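All remarks here apply to the structure that follows.
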Amino acid sequence: MTDWREYLHLLQTPCYVYAWAEILARLKLLKDNLPENVHLYYAVKANSNLHLLKALKDKVDGLDISSDGEFEQAVLAGYAPQTFSFAGPGKTDAEIELAINSGCGSLSAESLDDLARIENIAQKLGKTAYVSLRVNPADLVEKFALKMGGKPTQFGFDEEDLAGLPKLKQAQIIGLHVYAGTQCLDAAALTENLQNIFKLAKKIGAPLRQINVGGGFGVDYHIGQEPLDAVAVCQALRKEAQKWPQTKIVLELGRYLIAPAGEYLCRVINIKKSRGKTFVIVDGGMHQNISAAGNLGQIIKKNYKIRNLTNPESEKCKVELVGCLCTPLDTLAVNLELPAPRPGDVLCVANSGAYGYTASPLLFLGHPTPSEYLLQDGKITLIRRGRRLVEFN
Ligand SMILES: *Cc1c(COP(=O)(O)O)cnc(C)c1O
């Protein structure tokens, strides 16, 4: 974690700050432990900041894309569509056309209907569509916090339906894609998931140029959580990938690469006592960091790791950390132990680099969006300024 105190005078709160060195360290750990035929893809939806995408361009082998907006943002950042894996349960005709016309490396078909639509559009365009079959595997791996497989879902072919594939002319099946779940901190469970995917690939039997094994690497967001042993998972992947030397194996990661590099800084506006509790009210909130607020699918409220940057030495106290929105949902932490904050103090929420800016309802209540800064080689750069609602007109 970076000590942002020496940069505070340069930052406007609320803001996100990203530490480039942390991203590089994670990339290096993965690259050092993966064989050549494993290609590391970055999932743009975790954080689509243009400056970050540009910085990542020479560091990753491709991108996981979920919409035409992300597609355009990635092209703007200088990526070639040949390195894209485009997946999503509700791709529009326009998105499929965009992917086919630009020679998108892999377009995931998520059902028989989806495959038929891709085939029809490719025929109409007279071009080849490079398709991966996204499969919802029958085996459920329990340790994923967020599951996309092993149950009825909108994602991917049910494994049982793979037998009935139609004859195709313009859609060329190049690969298999399984993204069964995410936010897994258990290396053994991730390993089991990988082994299941390679078993499935064998069962399919057809020659596969590409196997996209998803990712699901989790982040130790909450106090008391242990980090994932990513090296162990990479070693397990290495073992499997070595049995497929001619195949491009894709590992697609979002949060693992970027969440720990990003921190969310907000400033205390008011301290309010109410019926024995201390409410610390900040100038940010769930409209800017929905993940920390736990409104992105968390069932039991757990606190992110939060520091008082301005007064790290003050006496510890228990507080309710809330944002400035007019809803009780806007709660960043409950019963949080923190060095006693005072109005004006800057608080720092760790592990906020992914699904903070991109997943939050930024326009809710019309506050300016948070600024974003990158710390690289000791220099801090504003990489997206905060915008006010009127500027979106
Ligand atoms: C969102 C997504 C990812 C990235 O997930 P993380 O949890 O951020 O690692 C990877 N692949 C697909 C298909 C996705 O939809």
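Including glycine, each Cβ sits where the backbone N, Cα and C put it.
Because the structure is a prediction, the values reported are computed rather than measured.
Feature list (source: TrEMBL):
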type	residues	note
ACT_SITE	Cys326	active site, proton donor
DOMAIN	21-259	domain 'Orn/DAP/Arg decarboxylase 2 N-terminal'
MOD_RES	Lys45	N6-(pyridoxal phosphate)lysine
Integer Å distance between the CA atoms belonging to the residue listed as 'N6-(pyridoxal phosphate)lysine' and Cys326 (active site, proton donor): 28
Lys45, Cys326 as recorded positions, winner by CB count within 10 A: Lys45
DSSP-derived class (H/G/I helix, E/B strand, else coil) of Cys326 (active site, proton donor): coil
